[in-house]
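Worksheet: the structure to be examined is printed underneath.
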Amino acid sequence: MSSIVSIPELPRRRDSEESLLLDSRISVAEGDSVNTDVEGVRDGSVRGQARKGRNFSSRKKVLGVELSPDNFAVAMVYFVQGVLGLARLAVSFYLKDDLHLDPAETAVITGLSSLPWLVKPLYGFISDSVPLFGYRRRSYLVLSGLLGAFSWSLMAGFVDSKYSAASCILLGSLSVAFSDVVVDSMVVERARGESQSVSGSLQSLCWGSSAFGGIVSSYFSGSLVESYGVRFVFGVTALLPLITSAVAVLVNEQRVVRPMPGSGQKENITLVNPGFLQTSKQNMIQLWSAIKQPNVFLPTLFIFLWQATPHSDSAMFYFTTNKLGFTPEFLGRVKLVTSIASLLGVGLYNGFLKTVPLRKIFLVTTVFGTGLGMTQVLLVTGFNRQLGISDEWFAIGDSLILTVLAQASFMPVLVLAARLCPEGMEATLFATLMSISNGGSVLGGLMGAGLTQVFGITRDSFDNLSTLIILCNLSSLLPLPLLGLLPKDSPDNVANKEDADIEMKSN
């Protein structure tokens with residue numbers, strides 16, 4: 001189910017990417033999956049500093065959260081994740097106009113660049129067990145920011161082929177995915193021992209920062225491309241990850257030190273946890289034991305298949321720009337509308353659909369989404385103009401409706417994934433389930449690229465685009481016979497039993 005003006009999505013926070021955070025107990029960061037001796041020391045220090053920050057800035061609150069240096073750093077990292085969408089349109093136009101790639105090639109590059117989001121639990125293991133320069137959070141934030149700045153700097157001045165472009169986009173995606181894991185772990189550390197209200201306020205601060213960044217980038221993305229060109233936008237984007245590196249110094253974290261040789265001190269905290277491999281092996285065994293349980297495996301299979309249906313985003317982007325003449329500035333406005341629409345979709349689910357059984361939500365939203373997705377054919381055939389509706393207004397209206405529905409239909413995936421996580425390993429299993437979901441989405445994009453090639457759709461030929469749209473939309477109905485794999489009760493029933501409100505963090 002894609003919007004009419006389909007801009008191929010670059011990797012971003014999903015589970016979070018292209019990604020939502022549910023309840024501080026459920027959305028434990030991937031980095032929290034390996035416990036070490038320093039955790040208790042760090043948690044105590046963090047809480048102590050938080051209390052000092054509250055005493056110092058008790059009058060400075062944002063969304064109910066004390067704006068301590070730690071919380072400010074967290075908010076800025078989430079803001080950067082949202083505002084990095086500034087380059088999304090620029091990349092699409094660069095691949096199309098500068099490298100002269102066909103829609104299928106663009107779809108392949110976009111899909112492959114999402115690969116770093118499929119192994120997020122690994123980043124959590126690394127961050128927890130292999131501190132850099134004595135820090136498990138701060139140093140990785142600095143490194144992630146520098147890596148992101150490096151990749152976009154290459155895009156701004158040196159990239160001149162599809163292979164180098166794909167490599168740089170992949171590096172940028174890795175930068176965001178790793179920083180996402182690290183900042184998630186920081187949020188969880190600060191939520192420990194706090195009330196549900198405080199935890200929810202912290203989640204709201206993260207959600208608001210990311211959403212604000214996404215809206216800002218949507219507003220400027222198209223106009224900057226049209227006025228200054230894609231290379232300029234890449235250069236501006238290269239500066240944004242440096243914010244992550246800069247605010248890393250505000251993170252209060254207990255330094256992990258190794259005693260000097262001959263000091264006589266017992267080495268309780270080492271530079272690299274000596275039990276890293278053993279702990280990782282135990283976690284993998286525990287993870288596999290949980291996934292292979294039928295009550296986890298079968299719903300996970302449904303999530304994967306539901307996400308793995310092909311789509312025609314790249315082909316529609318080429319059609320709207322090459323055939324209909326949509327400008328970057330107009331597409332930026334459409335992106336702004338869809339960013340706001342995604343928030344409306346979250347509100348729709350949170351306000352009206354939380355008590356509806358999962359099976360019914362998937363069934364209704366998939367059927368309606370398939371029907372509404374067919375309206376793209378009206379734009380391709382020009383029938384909307386016979387109805388007296390211009391291409392621009394039809395694209396905006398249809399994208400708005402489809403985005404609201406798509407966001408509302410994706411929310412149950414997050415709720416279902418959270419419910420499948422057994423107590424004691426919520427972090428790793430939730431991250432793994434989201435990686436599987438992202439893997440399905442990547443597979444769907446690659447299948448869409450293959451169908452685009454099979455139907456002979458190029459940058460100038462769109463004769464079979466209507467057929468591709470119809471086929472992709474009908475394919476979204478294929479997982480429906482497997483709805484029986486999902487649990488029967490509604491997501492709100494379990495939430496009430498656990499006395500936990502669902503806090504959502506949207507992109």
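Heads up, the Cβ atoms here are built off N, Cα and C, so glycines get one too.
Automated prediction, rather than curation, is the source of TrEMBL annotations.
Keep in mind the model is a prediction, meaning the values are calculated, not measured.
Per TrEMBL, the features are:
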| type | residues | note |
| --- | --- | --- |
| TRANSMEM | 72-91 | transmembrane segment |
| TRANSMEM | 140-158 | transmembrane segment |
| TRANSMEM | 228-251 | transmembrane segment |
| TRANSMEM | 294-310 | transmembrane segment |
| TRANSMEM | 330-349 | transmembrane segment |
| TRANSMEM | 361-381 | transmembrane segment |
| TRANSMEM | 393-417 | transmembrane segment |
| TRANSMEM | 429-455 | transmembrane segment |
| TRANSMEM | 467-486 | transmembrane segment |
Inset, instruction - Kindly say whether the transmembrane segment (294-310) and the transmembrane segment (140-158) touch, using the definition of 3 or more Cβ pairs under 8 Å where each pair is 6 or more positions apart. - result: no
Legend entry - Of 140-158, 228-251, 330-349, 429-455, 467-486, whichever stretch has the most CB pairs under 8 A to the transmembrane segment (393-417): 330-349
Legend entry - Ranked first among 228-251, 330-349, 429-455, 467-486 for CB pairs under 8 angstroms with the transmembrane segment (140-158): 228-251
